[in-house]
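Student: One structure coming up, written as structure tokens, with questions to follow.
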Amino acid sequence: MAGFKPTPAQSKAINDRGENILVSASAGSGKTAVLVNRTIELIKEGQSIDRMLLVTFTDAAAKNMRDKIRAALQKIVQDSANPKDLRDRMSNQINRLAAADISTIHAFCLKLIKRYYYLIDLDPQFRLLTDETERLLLQEDVWHEVSEELYRNAEEKVSGKASFSELVLNFSSDRDDQGLDDLILRLYEIANAQPDPEKWLQKLPDNYDLGSGSLLESNFYQQQLKPLVIEKLNQFIQDYRELVTRASDNGLDQAAEVIKSDEELMHQLLSSLGGITVSDVCQMMAQQKFGSFRGRPAADDPRIDVFKDIQKQRNQLKKQWEQMVSTYLGKQEAQEPIAKEELLTELTTFSDQFTDLLSKATESQLDAKTVDSLQKDQQMMQELLDLLQPPTWNTIRDLFANAKFARMGGKPKDDELAEEVYKSLGSARTGIKKQFDQLVDRFFNYREDQFRLISTHAQELLRELSAVTINFRRRYQQTKLNRHVLEFSDLEHYAYAILTPPDDQPNWQTLVKDLQNHYQEIMIDEYQDTNRLQESILMKLTSPERKNLFMVGDVKQSIYRFREADPTLFLGKYQNYRQGSDGEAIVLGENFRSMTNVTSFTNILFEQLMDREVGEIDYDEDAHLKYAATYYEENQDNKVHPTEVLLYDANALDPEKEDVEHEDDKLAGEFRMIGMRIKQMVENQELIFHPEDGQMHPIQYGDIVLLERTKAINNSLMEEFNKLNIPLTVHDVESYFQATEVRVMMSLLKIIDNPQQDIPLVAVLRSPIVGLTNQELAFIRLQNRSVDYYAALQTFMSNYQRKALRHQSLLTSEQVNALYEKADHFLGLLRVFRQTAQQQTLVDLIWQIYDQTGYLDYVGAMPGGHQRQANLHALYQRAHSYEQSSFKGLYQFIRFIEKMQEHDKDLGVAPTQLTANTVNVMTIHGSKGLQFPVVFLIDATHGFNKGAARENAVVDAVAGVGIRYMDDQRVIYDTPQRQAVIEEIQRGERAEDLRVLYVALTRAEQRLVITGSFNEEMRTQSLAGSWQRWQKAYQSKNLLIGPQPRITANSFMDWVGLALARYPEFNAQQLSRGNVTLEESTLADTKVTGLAADPHFTAKTYTALDVSDGLAKIGQNASANVTEKNNTVATDASEQKIEQILRYRYPHLVATKTTAYQSVTDVKRVFEDPDTRDMARWDYDQQQKVKTQGIYLNNNFDVPAFIQQTTHEPVATEIGTATHLVFQKLPLDEGLINVEFVDQEIQKLVGEKLINPVVAARINREGIVAFYQTAVGQKILKHPADYHREVPFSMIMNGHELFKGVNVSDDERILIHGIIDGYLRTDEGIILVDYKNDHLNKDYRDFDLARIKDRYRGQLELYKEALNLMEGIPVVQMGLYLLELGEFVLFTKEGD
């Protein structure tokens, strides 16, 4: 692939100025390249990188952005063809890059707070609550305190005010008050995402304030209920119109008339809500037709003259009517306003005149047919008048509750196609009717007096709820301040406070103005995932006249609603900017990531599924992915493989299974099917294209990623893949604590804390750590049945020693002896572990368990051992981070973990590298921003979350809170407000579900596979039932499927099925398997307008037998390959083997006498002179030990710090260690480094008990200061962010590279571990620094310098090698800083 060549749209995004710009960047459209290149162009135009703000979504994205900008600047600097002034300016910008604000919003807020904390009276010494569980525990502790106070001070019921006790009763169950606890914390989280949390909380009761006037004038009705019902009715009208068209096209005129009456009913209901405008009424007037005037009397009938007079007047009225309608339509076409009062007067006049004619006909006793004609005329006028009359709630409610739907007659006979159409129309009509009934039940159950009464009581509850939540929030904020901790949302609120100066603070206001002037350009990446508070912060840094905002995102990829991300911020600007209002919208639609099979398949799905109603944005031409990854075409062998849709039907051939097994069987079978397909890809060496070398390569396991919606399936997935011997790495394991190895460790930790816990104890005894059998466990219990199991174990030990065992006949004497030995060994370990738990850290305890039980190594040898070891390492790491928090000790750690489990918080295991040759599994959310050659979207039949409808209280940031109300008699009333909030939540969730599907599909580069599973005995999960739902796609001939089938979909697969059902490749015959036969709809031939011609997909259903056969064939192929290779072996292989065994000599004898682990400190001593004064002795005996034993380790252990004497004269090692600590901790971003500054830092470290005062007095302060006056030190001060201190590393080296005496043939690998004092990343490469306290004799300066350099050369060479491996860029300088001389001594070449 060549260098970056922007498309026209990318060029606009890079070069347009003078407007706020919103870039809608579809997946794979090169938005990062746009951001980087825009930054470079702005710099070329004279802006400075340190006067820009570039906000990213993650720290990794910020680092990536900074690195790319640096690389782009370096490229300009290194290009000698560029003018010198340009290169100099770019070089200057590289120097400024470290100080540039390229960070997450939280990092930027933290920087603001650290700089301006004094404005808001905040103590700058705080710790961030980065651990979610620690934050949760702290919240629960504070809420417990608050709720206890509220319980103690609970008041009696006061009229017009709810008490705390009523709040608890209303929102808690009969078992506990967890419901209220959860609601308070949920309200806190949502409020915290608002610019003014307390204001948001105070407004919560407003939805239940129906005012003193008409209910129809209330805010709730006008702003929530009315728009919601109007939207629903319009959806029904749209669906009915499509059904009318289908009925008419197939000659079903009677059915069409009935469905048309349904549509007219919806129009009438719409008009009752005030949803009909004057313009709508004019259009309906134009559609009205006067019927014939019947019932003419005979010529000799005396009533004939009256009839003729009425007929003449009616004809005149008809003519006047037509003229009036024409006039109003003309005004509409000319876009002239039509006054409602004017139209109302006209219609009233016509209605009165028709009423007069009707009265005259009745009084004259004209024929009934004549009277009927005039009644219809008058009724038509009255209905039009009613459309313009203000309704009441009760009349509306009655209209909805009493709506009648006609019976659909006219069923065709002897016409199969017409019968099928008629049947589908009836089914669709029934579905719409069901949706309408649900609408009525949810919103039109109460008359106005009932509605008001329930709302009043609910409002009282919400006032109390709001007050309690505000109380909790204030207490929690104060607790955090008292403990000097802040959470991420606090950073945002305090930053917002800094940027919002009071009116009476002119200096503060000037500071904010200066900040606004400082940032010449504000660029926001992933703008679609911004919340309202973050938006407010960023808007405070600009002003309308500056027009310096550049926002990049893709609302189709907004998938963080659960974190309070608000995609409507993006949508609002996008719609306004596209209309030329306030800014410029630019669309990046080219996809440089995926092959045409992925882009085409994605388009054919979303052009049928996504619009503003479902997805919140139209999938129009701009939104379509445009294939632009033309580099795939560089290799002619690179064939486009269609997207695969693989369906697994769990019991298509086995309907006898019990219900309880269905879900497990369904998922397990799907996972085996996936494993089969992966094995086919890998073992059949299916090819993919590698853009790096332009060649085709066989698919490897590491090329494949499985994307999932939920982590809950991971344990089952790992189990099935282990059986198939497919290597698997799972990212973010759900139910981490359910993994066997983790459960065993947690059980062991629990009994170390308290062994008198039966279940954990038995779990450990049964585990491989002890290895008791069920029979042995039972034998122990029989020794004493009346005590806990630990006491029974003690009884067994005592009885064995006293030879008084009970029920001894159950085991042989050998078995009893073996049991005693295992139990004795375990109890010995338990004693040691319990002692460690009391005296040492938790980390030490866990590592001791791994070491002394060998459990870490054991699980590594199990199937899936790689992942199991990662799980145990994660527990160790979690314990380490736990000990950095405010919680301490084993008991608290166990409580900590139990809380994590209660709240479904996982450790989020960081497994091995993604590039390892294993199949990787991650959530769709975890994959965002990544791309993979082969993507499986698995478990696509997993049901959507629709739990909101079951909650007593539901919360939405925009719609507010909706609750059920329980009266004094404990009767529960639902409220229309709650149903309105549920509707808003579900609408948002379905829109986000659709966007999550989009993200999943667009991760794929070359292959895309979608899988799902079904169960025929469960109606909602059966393939047959799903197939019927997918057939609803035929209800519309339009490309966009009707709203109802899309809204009522239950899973990703439902959406995929709806879109693909319109293609012949997705047919009943293709998908039927075993005893499940799907019926092809006769509507399948329906022509859909705009449907893509080449869908690029295949679909197939598998049964358990199909998967077994497929796996067997793969095994046969593998066996055949092995047999073929074996046949090429020489016939005398057996003789050769025997001779090899007899003559064998182990080639690494020397290595058996050498340790496989060496520290750099120890290796360094092999190179250095042994006469260093006051250092740890490396004496003759030790060197002899090296020669004879090959052990390169220091046997002199340091004296533990807690028993060191503080009065002795410090030795060089102590001073050296303390000096290194000062170098490590010294702040480098303060500018000037002088002796006073260094001394302050040393005293600070003494105060923190990190340095002994006696040792501190001997630290060479002048030597430290002098380092930062050297050329290297000055570079470090200019770029402190690029200087890395005390960096640990481990690497593996060959033995012959380290030690003499190890022959080349004895090339054993040795693990080297060390800590690098410091290194600086520069444009040219790395500068490696090592500090030394060595004494030099000034009379022999040159001699001593040469000696010191020779001593440490080997050590620095090892560091250099490690840095080359770690950083991937060369070490261009390395040297020793000698504190005694105050000089930086460079190593230039070997032997200098």
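Numbers here mean position along the shown chain, with the first residue as 1.
Every residue, even glycine, has its Cβ placed from backbone N, Cα and C.
Pulled the feature table from Swiss-Prot, pasting it below:
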BINDING   ALA25, SER26, ALA27, GLY28, SER29, GLY30, LYS31, THR32  ATP binding site
DOMAIN    4-595  domain 'UvrD-like helicase ATP-binding'
DOMAIN    623-929  domain 'UvrD-like helicase C-terminal'
Student: Name the residue among the binding-site residues SER29, THR32 whose Cβ has the smallest number of other Cβ atoms within 10 Å.
Tutor: THR32
Student: Restricting to the same chain and to sequence separations of six or more, state which residues have a Cβ under 8 Å from that of LYS31 (ATP binding site).
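Tutor: Within the chain, LYS31 (ATP binding site) has Cβ neighbours under 8 Å at VAL23, ALA25, ASP525, VAL552, ASP554, LEU588.
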Student: Taking the centroid of the Cβ atoms of ALA25, SER26, ALA27, GLY28, SER29, GLY30, LYS31, THR32 (ATP site), which other same-chain residues have Cβ within 8 Å of it?
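Tutor: Close Cβ neighbours, site residues excluded: ASP554, LEU588, ASN591, PHE592, ARG593.
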Student: Including all protein chains displayed, how many Cβ atoms other than that of GLY30 (ATP binding site) lie within 10 Å of its Cβ?
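Tutor: 23, counting other Cβ atoms within 10 Å of GLY30 (ATP binding site).
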Student: Identify which of the binding-site residues ALA25, ALA27 has its Cβ surrounded by the largest number of other Cβ atoms within 10 Å, counting every protein chain shown.
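Tutor: Per the Cβ count within 10 Å, the most buried is ALA25.
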Student: Under DSSP, is ALA25 (ATP binding site) helix, strand or coil?
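Tutor: SS state of ALA25 (ATP binding site) = strand.
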Student: Neighbour count, 10 Å Cβ-Cβ cut-off, for SER26 (ATP binding site): what number do you get?
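Tutor: Taking all protein chains shown, SER26 (ATP binding site) has 25 Cβ neighbours within 10 Å.
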Student: List, in sequence order, the same-chain residues at least six positions removed whose CB sits under 8 Å from that of GLY28 (ATP binding site)?
Tutor: ASN591, PHE592, ARG593, SER594, LEU625, ALA629, GLN931, THR1002
